[in-house]
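A quick write-up on the structure given underneath.
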């Protein structure tokens, strides 16, 4: 063991160094590797989770976008239908209004015609009466006598037909 | 002044019956620094790391990847041991390169001779330290082997009824002792030689600029030796915790 002596090997020193290293080993394991390995693992887990979540979010986003597009298309479709309906309705209303207006106009026209006709008849009658009176007055002055019933009717009829022709 | 580096670490003082050498003093300083760093860097551990925690994470994670590439599922058990060897030896080696090591000290008369006693000595240039590390490495390795294989599986590696395998087992036992010797002497030899080279370059030749390349060399050697010690320990652990083929 001469070699050990020349290297200065002594059990006390050996033991001191062994104990020293064991203390280091314990303390480092407890206060250094354990928390750091734990936090590294935690972070790894978190990152993995985040990536998974990101995938999920992307998927959901895509779905939402698809849904959005679908809703938009549906809305456009229903709007188109609505507009078409409205147009049709408007046309209907228009037509009906036109029809009614025409009817009203026609009715008014008929009424006007009837009135005109009535007026015409009354005017004819008045005219006839006045004419007869006039003719009678003229005949009385010229012939010095009244018209006979027969002549009166004849005159009247002639005048009427003349007037009717003129009107 | 002529500096001579003794093979054995010099005694500084005694605490009761226990003598304290300069390398043990250095070991304590290194231990203190290592523990303080470990505590400070993980004191306010958070998911979003601060700068010191970031550095500690880089150290642990890169070493974890290295260990995982060899140990695979046993990484969680092996990492603290292997990484502790690495960081302790690396810090010790680099710490020993600081100015003041081997140069600041006092003179003492021993056997009628005036001897220079440096106050600090690179901890791995004392065979006590490296031998202690190697012994711890061996003991933990065998402890883990028993834990993983059971006492029967552990003994099967060394003892067999088959005479050929019995002889192989004998060789295995011898190899366990050579492991300790090779681990301790490799580390001690490299660091001690580095000390000698640096001291010689600085004191025998020229103290300015000339030692600089050697310092870079020693930085490299210090890292490589720490890594070799740690990786060899790891490999021994992996081999011994696997089921033996015979």
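Using the three backbone atoms N, Cα and C, a Cβ is placed for every residue, glycine included.
Taken straight from TrEMBL:
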| type | residues | note |
| --- | --- | --- |
| TRANSMEM | B:20-40 | transmembrane segment |
| TRANSMEM | B:77-107 | transmembrane segment |
| TRANSMEM | B:127-146 | transmembrane segment |
| TRANSMEM | B:158-175 | transmembrane segment |
| TRANSMEM | B:187-209 | transmembrane segment |
| TRANSMEM | B:215-240 | transmembrane segment |
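Within the same chain, the transmembrane segment (B:215-240) stays apart from the transmembrane segment (B:20-40): fewer than three Cβ pairs sit under 8 Å, each pair at least 6 residues apart.
Proximity of distant same-chain residues to the transmembrane segment (B:77-107), defined by a Cβ-Cβ separation under 8 Å and at least 6 residues beyond the stretch ends, is recorded for 3, 5, 22, 26-27, 29-31, 33-34, 59-60, 63-64, 67, 71, 114-125, 129, 133, 137, 140, 144, 187, 191, 195, 198-199, 215, 218-219, 221-223, 225-227, 229-231, 233-234, 237-238. Nonlocal intrachain contacts for the transmembrane segment (B:187-209), taken as residues 6+ away from its ends with a CB within less than 8 angstroms of a stretch CB, comprise 1-3, 5, 7, 89, 93, 96-97, 102, 122, 124-127, 129-131, 133-134, 215, 217-218, 221-222, 225, 228-229.
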